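> Below you'll find the structure I mean.
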Amino acid sequence: MAKDIKFSEDARSLMLQGVDKLANAVKITLGPKGRNVVLEKKFGSPLITNDGVTIAKEIELENPYENMGAKLVAEVASKTNEIAGDGTTTATVLAQAIIREGLKNVTAGANPVGIRKGIDKAVAAALTELHTISRPVSNKDEIAQVAAISAADDEVGQLIAEAMERVGNDGVITIEESKGFTTELDVVEGMQFDRGYASHYMVTDTDKMEAVLDNPYILITDKKITNIQEVLPLLEQVVQQGRPLLIIAEDVEGEALATLVVNKLRGTFNAVAVKAPGFGDRRKAMLEDIAILTGGQVITEELGLDLKSADISSLGRAAKVVVTKDNTTIVEGVGGADAIEARIGQIRAQLAETTSEFDKEKLQERLAKLAGGVAVIKVGAATETELKERKLRIEDALNSTRAAVEEGIVSGGGTALLNVYAAVEKVSESEEGDVATGVKIVLRALEEPVRQIANNAGLEGSIIVDRLKREEIGIGFNAATGEWVNMMEAGVVDPAKVTRSALQNAASVAALFLTTEAVVADIPEPAGAGMPDMSGMGGMPGMM
């Protein structure tokens, strides 16, 4: 396909139009008084949202040059979302500001490479200062504040804070859609995996259709059990102790399963069989996790162990096990604290090394089951449209909270970016030429989030920015109440990681944009020609 090439000013101005179209659609959502954007969906109801990255991903422009500009800024939002999980609108606003200011200078004759150096130096100084002024999250109230600011909802803030308190920082918090109108928190204590009983005859509570085992022994193996003779010596030892047994195996079937069911129905012996969770190497790792948590041992041929020679000392133990049709939950395993901590350290090391998102998710789940627990926030709403919007906001709030726990918090409402203004200004004083110009471009961009938050609140942004520069560090404008307050004390805070990622990613893409000198795009194909004239064929009169 033939290509169209545009150079220098022509290329950059068309791409800038795309940047502006996307950024202008996204930035109206910024701040406590930001508006929503409605996104058309081919199927189902439209999506109403104020989530920057969701809006950015939906925008496709007809002009290929404008579309390239828009996609570059969408990349800023997407990367910020990937790293910090929130702050995508702030990142978009910063990118637009750096690009616009930078292009003015490039058009006036400045060298884009020098400007890029200045931008990099300014951002490095800003990030160092951000790290200095951030402080760690110290209590549940601060976690609630971060979540409430992100979701613009105090109730959501409290729910997320409670979830994090109950499952710990390593716990897994998932967000699901509820069938009701209210948003609720459901916490699963202990280790849960998604495998249920092998036979419904094993249930002990017929009303709830679940098997509850108090103080059971737990047999953990990666073998398939079909012959009861394989486990008979072990079963006899457990029967002598008068305690129930949970069997976790690759499968329990045939004669072995029938014998367990018959003994359960006769009241001779209470045993519940479940399939081992996961597949392949992940199954081995999860069985090892269960063994460490319960103080048992995985009976596997890889370790030279078999079921016939195993004795009661190889079995794990727990205070309680609850097995439903779909899930098994082990509560209060008796595994040693040192062994569990060592295993947690091992999983954390694997988490740090892996690059696969899927592997990260599975490792995080395993970590949560060992270290904390699993909390589920069930989101309720009156309509499907409201449910989707609310779920997106809660996901952002949860990501914000995790980011705050990781790297601490700074003053919110764009105040932190102006608090680093003086540190960046010092860099501009020590530089000259185009490098100094690059630093000044970042200085101007640091004002933009505060300006936009004020504009969205119906105020004159420039007046707010000017006053904020004169205020002492920590004092900011609370757009929700229209008051000048100490932002930390008022609970208007942002995660330092979110602010850092937004600035870093915006500057990275904007600097690349400014050094662009040529843009190549496909030439659109002309509309297809109509059918040829078929009149008079075969001696017939022409078609009318």
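Placement of Cβ uses the backbone N, Cα and C atoms for every residue, glycine included.
These came from Swiss-Prot, pasted as-is:
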BINDING   THR29, LEU30, GLY31, PRO32, ASP86, GLY87, THR88, THR89, THR90, GLY413, ASN478, ALA479, ALA480, ASP494  ATP binding site
> Could you check what DSSP calls GLY31 (ATP binding site) once collapsed to helix, strand or coil?
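The residue in question, GLY31 (ATP binding site), is coil (DSSP, three-state).
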> Can you see whether DSSP assigns ALA480 (ATP binding site) to helix, strand or coil?
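Note: ALA480 (ATP binding site) is coil by DSSP, not helix or strand.
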> The record lists THR29, LEU30, GLY31, PRO32, ASP86, GLY87, THR88, THR89, THR90, GLY413, ASN478, ALA479, ALA480, ASP494 as binding ATP. What's the largest Cα to Cα distance among them, in Å, rounded to a whole number?
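Max Cα-Cα spread across the ATP binders: 20 Å.
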